[in-house]
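**Student:** Below, the features straight out of Swiss-Prot:
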MOD_RES   Ser12  phosphoserine
MOD_RES   Ser17  phosphoserine
MOD_RES   Lys643  N6-acetyllysine
MOTIF     162-167  motif 'HXXXXD motif'
Amino acid sequence: MESSSSSNSYFSVGPTSPSAVVLLYSKELKKWDEFEDILEERRHVSDLKFAMKCYTPLVYKGITPCKPIDIKCSVLNSEEIHYVIKQLSKESLQSVDVLREEVSEILDEMSHKLRLGAIRFCAFTLSKVFKQIFSKVCVNEEGIQKLQRAIQEHPVVLLPSHRSYIDFLMLSFLLYNYDLPVPVIAAGMDFLGMKMVGELLRMSGAFFMRRTFGGNKLYWAVFSEYVKTMLRNGYAPVEFFLEGTRSRSAKTLTPKFGLLNIVMEPFFKREVFDTYLVPISISYDKILEETLYVYELLGVPKPKESTTGLLKARKILSENFGSIHVYFGDPVSLRSLAAGRMSRSSYNLVPRYIPQKQSEDMHAFVTEVAYKMELLQIENMVLSPWTLIVAVLLQNRPSMDFDALVEKTLWLKGLTQAFGGFLIWPDNKPAEEVVPASILLHSNIASLVKDQVILKVDSGDSEVVDGLMLQHITLLMCSAYRNQLLNIFVRPSLVAVALQMTPGFRKEDVYSCFRFLRDVFADEFIFLPGNTLKDFEEGCYLLCKSEAIQVTTKDILVTEKGNTVLEFLVGLFKPFVESYQIICKYLLSEEEDHFSEEQYLAAVRKFTSQLLDQGTSQCYDVLSSDVQKNALAACVRLGVVEKKKINNNCIFNVNEPATTKLEEMLGCKTPIGKPATAKL
């Protein structure tokens, strides 16, 4: 955390100099690119004709892409792999030939077999499926044009958000549609277990990686060299998900750095002049896996990927999932990001083929870039009216008068746009039409009955999932849609919560509380490391812009109009504050000296279910394994829980005094203090 002195620059800004804050932190209303519905043409042109069209994608610097077998040969014969094999042969006393054979086997398991025939088959099939389940697939054409130029100039890395299995299928479909090279995609080994489907994905550009490498130096060397070879040759755009896995809660997950490290290396070793990173935001009106995700969050194991499971999922073809919006962000030059920040000279001191241990500066740079890319994804995520509707309903459950819901939704629409949210309102229709249409799309969650909008939380008492009630499933499903709003609202909302938790109005005290909350919830939301002060300033600016607060030299004052805004924002984040309080109470009640993560998750679920059954809590969000895991990570980071590794297993011990202090600080029983420390 920053020291308390870091706040001085902000506290010198008073109402007499608002222009500085406006220039630095205003979120100007963007002139959003025009979206094109690509399904419109698909509905009028034969799918077979589309699949068999003349496909001549633009290529990197006009070179002829090499064949998949050539990439494998290049990796197998690379200096880096030769060096690693020699080193491992000395360490393990295995012969070079045996290790070389192992490299060949790894490549056979890993490599894609990109073939035009498979791409055409997927284009034909996906066109039919997408037309059946989606009303629109909207793409920003300006983003596509920028991507077209980027692909011809430098190697390109596509970094899409990850909310559904549809994500990577959709991107390949779109790039084929626009005559761009279909990407090579980093996919989990899970898909290889699917008969025929795994091979079809391989022939459509997927290359497969193990979830964990387990310290396997040879596997890591082969995998990284394989990715770098494709990147250096400009063979095709390389695509992977920074989040590492699909977000079950619809919040952006904290980034994983492994693949980003790999794709940056050719630039730092001067093997390519530049590399373009392209953040892509994929937004869904309705997630295909919404029910499956909630089951997983409630502790039901994720079903194994299988062809049988895929065939059973055919029933979704009879459902309507609304629209998808895909926003291709501006290509970001790695060279520009590194300019004046990172020197490449250290890579000149040793031959390129010798692996180097990553420096602290490089790790910090990769971390910063990863978070910046995710923030760009968030900035361009499209919000649907349903996210507003469900956010209002969750603060007025179980039912709400239709006219009141329309009024409150319109109010929230204005606030969302003031905060810079990318909100798509269907064809500028009146709210009286949009709200019922949204409810109809999500009829499994809510319904309109006699001018009352009702969340389906009381439709049955039967136990559905391991003793969990149907209403838990419905409410967690609602939370996932509400969470889409939190990415935009997090900074002003944390200021609002800090104002509520702070006695008095002193700006410095509010900032200390904000900093404490930001640190506690660092695993829940995406914050640029070391950016606490600017996040606070942005939150304050947006609240000033919405006329909720006034900032003086020393104080933050709530306006008469601001009470409504702050009350809503506090309500939006109340589930997270309460969830962490409940988890602290569980940790204090834990009788075991140590426990594993699996034991913790099962015990927290049982503890919170009892509170809900007794009626002593109405916080259903704490049932989510996503919240439970993030809270445990926060507790470890804050010193509330100690994490140890014994025999390759992680165990946890509770620090009771620190846990008590955290619970009291979240419950406003203990002042946050100045400065709020990184460790409790």
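Even glycines carry a Cβ here, placed using N, Cα and C.
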**Student:** For Lys643 (N6-acetyllysine), what is the tally of other C-beta atoms lying within 10 angstroms of its C-beta?
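**Tutor:** That number is 14.
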**Student:** Mind tallying the motif 'HXXXXD motif' (162-167) by DSSP state, helix then strand then coil?
**Tutor:** 2 helix, 0 strand, 4 coil
**Student:** Calculate the per-residue pLDDT averaged over the motif 'HXXXXD motif' (162-167) and state the result as an integer.
**Tutor:** 94
**Student:** Look up Lys643 (N6-acetyllysine) in the DSSP assignment and report helix, strand or coil.
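**Tutor:** It is in a strand.
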